[in-house]
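The structure appears below as structure tokens.
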Amino acid sequence: MVFEDKMIMNGEPEEEEEEEEEEEEEEMVDPLETLRGKCEQTEHCVHARERLEACESRVGSRSETTEDCTEELFDFLHARDHCVAHKVFQSIK
């Protein structure tokens, strides 16, 4: 019985520590995702996104087409990643 009480007593602080660690993990934000969001708002990325969305709506409106929006997607991702590449290392500690 004493052994069981020790197990319960020893187990409680560990559970609280695990809960605190989980809370700390939830507060962490990936700086890369933050930078991507900011870069998507730049003029060049907005223009590339508009071209991608126009292509998606054009392709989606047709029932039979061989066109896809791969080029527009790559253009958008390239523009966004180019912007991020210049800023990402400034945020790393």
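Heads up, the Cβ atoms here are built off N, Cα and C, so glycines get one too.
Keep in mind that TrEMBL annotations are predicted by a computer and have not been checked by a curator.
Quantities reported herein were computed from a predicted structural model and do not represent experimental measurements.
The compositional bias 'Acidic residues' annotation in TrEMBL covers 12-30.
Residues or ranges marked as disulfide bond in TrEMBL: CYS39-CYS83 (among others). The number of other Cβ atoms within 10 Å of the Cβ belonging to CYS39 (disulfide bond), over all protein chains shown, comes to 20.
Annotation comment: TrEMBL describes CYS55-CYS69 (among others) as disulfide bond. Counting only residues at least six positions away in the same chain, the Cβ atoms of GLU67, CYS69, GLU72 sit under 8 Å from the Cβ of CYS55 (disulfide bond).
The feature domain 'Ubiquinol-cytochrome C reductase hinge' is assigned by TrEMBL to 30-93. Model confidence over the domain 'Ubiquinol-cytochrome C reductase hinge' (30-93) stands at 91, taken as the mean pLDDT rounded to a whole number.
Look at TrEMBL and you will find 1-31 tagged as region 'Disordered'.
In the domain 'Ubiquinol-cytochrome C reductase hinge' (30-93), the DSSP tally of helix, strand and coil residues is 49 helix, 0 strand, 15 coil.
Under 8 Å, Cβ to Cβ, and six or more positions away along its own chain, CYS83 (disulfide bond) finds LEU35, CYS39, THR42, HIS44, CYS45.
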